[in-house]
Amino acid sequence: MIRFAVQGLLARKLRSALTAIGVVLGVALISGTYVLTDSITSAFDSIFTENYKNTDAAITGKTAFDAEEDGTVTAPPFDAGLLTQVRELPEVGAAGGGVGGEAQLIGKDGKSIVFGGAPNLAFSVDPALPQFNSLTLVSGAWPAPGEVVIDTHSAQEKGFAAGDSIRVQARGPAEQMRIAGLVEFGAVSSIGGATLAGFELGTAQRLLDKTGKLDQILIAKKDGTSEQQLLDAVRPILPEATQVRSAEDQAAEDAAGTSSFTSFLQTFLLVFGGIALFVGSFVIANSLSITIAQRTREFATLRTLGASRRQILGTVVLEALVTGLVSAVVGLFLGLAIATGLFKLFDAVGFTLPNNGLVFRTRTIIVALAVGVLVTVLASLRPAWRATRVPPIAAVREGATLMPGRLHRFRPLGAALLAVAGIALVLIGLFVDGLSTSTLLSLLGAGVLLLFIGIALFSARLVRPLAAVSDPVARWAVVVLTAIAWPFFLFPLWLVRRLRGRPAEFPRVLPDGPAVAIGGQNSRRDPHRTASTAAALMIGLALVTLVATLGAGIIKPFEQAVDGIFSADYAITAQNNFSPLPPTVAAAVAEVPGVETQTSVRGGQAKAFDKTITITAVDAEAPGLLTFDWRSGSQASLGELGADGAIVDAEYADNHALSQGSRFAMETATGKVLQLQVRGVFRPPAGGSPFGNVTISTETFDSTTSQPLNIYTFVNMRGGVTAENTAALGNALSTFPNAKAMTREEFKKAQTDSVKSILNVLYVLLALSVLVSLFGIVNTLVLTVFERTRELGMLRAIGLTRLQVKRMIRQESVITALIGAVIGIVLGLVLASLLASRLEEITFTIPTSQLVIFAIVSVVVGIFAAIWPARRAARLNPLEALQYE
Amino acid sequence: MIGTEGTAARTNTGVVHAEDVVRVYGEGDTEVRALRGVSVQIDPGQLTAVMGPSGSGKSTLMHILAGLDRPTSGSVRIDGIEITTLGDDALTKLRRQHIGFIFQFFNLLPMLSARDNIVLPLTIAGTKPDPQYFENLVERVGLADRLEHRPAELSGGQQQRVAIARALVSRPTVVFADEPTGNLDSRTSGEILALMRGSVDEYGQTTVMVTHDARAAAMADRVLYLADGEIVKETGRSSQHEILQIIDTLDLQ
């Protein structure tokens, strides 16, 4: 039986391969995701392990609570005197202290060196204690006071060498320094694009504003002492707000932030792999349905020869199993290419990930194979069951077709019920309160899945009317696209062919009425087939539309919010729009002549009501430049927060029963507990609040934070936005290359750009499902051409030219794509409106221009999908076609 | 009657000439000589039957005469045009103008109505039928009340009538019919043959019919007998009995 199945597959190589493409791409994304995230994890692990290779214990400062890694909160440094005490302990063999932070290296173009949003690390190096130094000196020397060593990657990319001079900026303004040498981290030239700046301890302390302080002490135990003895010895001498950990624990702690990031990334990408596979399963089910219909006589012959229904079922499922296995293996290895591609993709959107080589784990192999085989076999069940319904008599009948199943007439009803159940699940998920996030997500996921399947099954009913409407649209869309492509592609192609002396018909733009008309008719003749082919594209387009609509729904209110809140002429932010900046930047801006008022918003984290929350702080100038939508309190209270005043957002107030005048306690990162009183409650803007849950005064914030940072600075200038003012600000910021001044319009745009780049990543990932559905259309068309061989022969015999055959196939393809697009876009809009009606942050906005683009993309998908099947059809010799049986 | 007019116009114009047509399939050991130098002329306004057992080359001859296949050597002219050297597009357009086909398996497009199937050759060529001729034709093949039906709603005989009307609708120089009754019961076969005979008589439609059915050949004005890739005999109008005798004597069974 296995041999029979394999031989059957080999006999239909092309069709089997086409069927498999959906699975291959889905599995590839899943395997690619695992390879990517495993590689990132291993790269980080190697970094963190390298850091502590000769260390037995590490002393670090301690935040009062577990802060999230957003760059605003760092553990407070401790007094450098601790190092002497530690060195005096009998259990300690060696101990070295260091400080770390961020410092920008400034390129020759005056811009700070950043590779794809990766951090700019600064730290002290102590060549006297090489065992604690994870850097390798590649050229030059270790830094003397006032010198710097930088990483080879940055040096190569930006044209620096040892002995050159470079500007470096940390907490204060940029300073000119000599490059003492070039270094590498371990043996890696770049840690995910991060730039490295190493200084002698004193210099580092000064630059990072940590004079007399240390961030970390690394300790090696004396021979004959156990790690536990070392830890026990260190603990009693530790001052407050410090902790000691074994090197292993410290490495794990360092890795914790990155591992939560990689696990998020993994889930995120797996979702898209799952979507591609889901679309792929439609392609498989559809292809198998068609091939099985075409093999009716074969199955009937097997039945007359004595094969049981079970054996027929077994053959088909076995074929699917083999197809699934082969395509899963191919997908598995394609995943390596996908992982490389994803690294590049993230790099391109400004998010470089560390990569020390691809990691291919057993888990990846097992999951990819299992998922690929499972999806294929599941998708084959229905077609396989239909194959068992072929009666033996079909073997001797001319033109026998597959009988409709017994449940055939209940199909529309069943499909509608599935879709309704899907919608119901989505509604429950959205509108029933108090569901956990995972319940909510699984309800939504399952609901959307059911909805897609239901609509896909039901849409056969919609094919005829939709095809009738799409027909002229497809005709003219193709004409327009052909006209656009004519001077760039069609005409040159024709010219080249003619010049090579090959026959080619001069490319015409106007539609070929008769050929296109037959193509249009063809799209209507098997609604079930057209519907299932279109369904694959429908899923992709529904999701793309959903994303675009939600994106538009977020961007618009977000712009309004930015407009409403910030009324300043200029905003100062980091080059990447989100990194916090040291307050020295704002101080430099204050010196600019013409500045009338200026306010900075500090960002950080704190703990209140037992939870880590984001907090912001505003200064006395805030009322003039920031406008809140007050529930209670007023603009004036914004400037008078003092030592104990706080402003909270409305939702946070409701969740914790806070109102005007209520008191609550908040613990800051340094461990200080503030007793705060609510002075105002504001309604955060739809689209996300630019402020933390709690906002306090800048003085209070600074007195309880080790190294305060600004997330925004706003400036009003005499004369408003003028070229002179812009130049003056730019001039003042020249010593802070990481900072930039933007006009209000630019600021607004920059804020929305970040949302847009997330949307772009989503589009790219969803494009994979659209690609799978393109292959689905190719597949159906190839099978259809195969099935209609005799008919094509007749058409050729009575006068259809090759070009007309191609246009006929193309028309059918474009109509199919348009049907998928129409249903998909409508479905996407419905889903988006449901979400928008639930989420206050999103207003339902139809992204008209994007939808038009999606429709055009669908037409292009249709055109591309038709190319190859159309060529095959056109190449058919009319004679072979007539003799074909 | 339009047919008379057509006859007058056509008797002076095209016919099919084939000279020394050789068709070889395969090479070396597997070489098959399907046609070994066939020369034939198809006279206008006549129904010519090509008879022969399977493997005699009769289908190959028809395919070559109709411009569906190319001879290995030799010349074929339709309406005075040498077709063996034409490119695919030119040949396709020649078929549109000069050639009609009737197939054994009808080969109708399932999604088109009978009317649309009949006018399909004209639609493809981008023209419309002469309404009077179309009406007359439909009347003649007896499909006037079946025009809006789809092939699936028609009997085999009715489907072949649609196919005949489709072959005649463009008033081609010559109609080629490949075993037109091969897939029909004997009563329906009779009706279809009568119809084809009628189209020759009334419209003067030059027709070439490939068949191994002596009854069908008996309707023809001229019968060509093919064996082993050569025309071995030619007769004028003959009865079914005569034809069967000839087949017997030539040992063509």
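Cβ atoms are placed via backbone N, Cα and C, with glycine included.
On a predicted model such as this, the values are computed, not experimentally measured, just so you know.
Feature annotation from TrEMBL assigns domain 'MacB-like periplasmic core' to A:16-236, A:530-727. Under the heading transmembrane segment, TrEMBL lists A:17-36, A:268-292, A:312-343, A:364-381, A:413-432, A:439-461, A:473-496, A:534-555, A:761-786, A:814-836, A:848-868. Here TrEMBL flags A:271-392, A:764-878 as domain 'ABC3 transporter permease C-terminal'.
Long-range contacts of the transmembrane segment (A:17-36) within the same chain: residues 265-266, 269-270, 272-274, 276-284, 287-288, 291, 323-324, 326-328, 330-339, 341-343, 353, 358-361, 363-365, 367-368, 371-372, 375-376, 536, 768, 771-772, 775-776, 778-779, 782, each at least 6 residues beyond the stretch ends and with a Cβ under 8 Å from a Cβ of the stretch. The recorded stretches the transmembrane segment (A:439-461) and the transmembrane segment (A:413-432) share 3+ CB pairs below 8 A when only pairs 6 or more apart in sequence are counted, and are therefore in contact.
For the transmembrane segment (A:413-432), same-chain residues at least 6 beyond its ends with a Cβ under 8 Å from one of its own Cβ atoms are 407, 439-441, 443-444, 446-458, 831, 834-835, 837-838. Sequence-distant contacts of the transmembrane segment (A:364-381), counting only residues of its own chain at least 6 positions beyond either end whose CB sits under 8 Å from a CB of the stretch, comprise 20, 23, 26-27, 30-31, 34-35, 38, 277, 280-282, 284-285, 288, 316-317, 319-321, 323-325, 327-329, 331-332, 335. Panel annotation: around the transmembrane segment (A:268-292), residues 12, 15, 18-23, 25-27, 29-30, 32-33, 36-37, 299, 316, 320, 323, 342, 371-372, 375-376, 378-380, 382-384, 386-387, 402, 449, 452, 456, 529, 532-533, 535-536, 539-540, 543, 765-766, 768-769, 772-773, 775-776, 779-780, 783-784, 787 of the same chain, lying at least six beyond its termini, place a Cβ under 8 Å from a Cβ of the stretch. Summarised by DSSP class, the composition of the domain 'ABC3 transporter permease C-terminal' (A:764-878) is 99 helix, 0 strand, 16 coil.
In the predicted model, the domain 'MacB-like periplasmic core' (A:16-236) has a mean pLDDT of 83.
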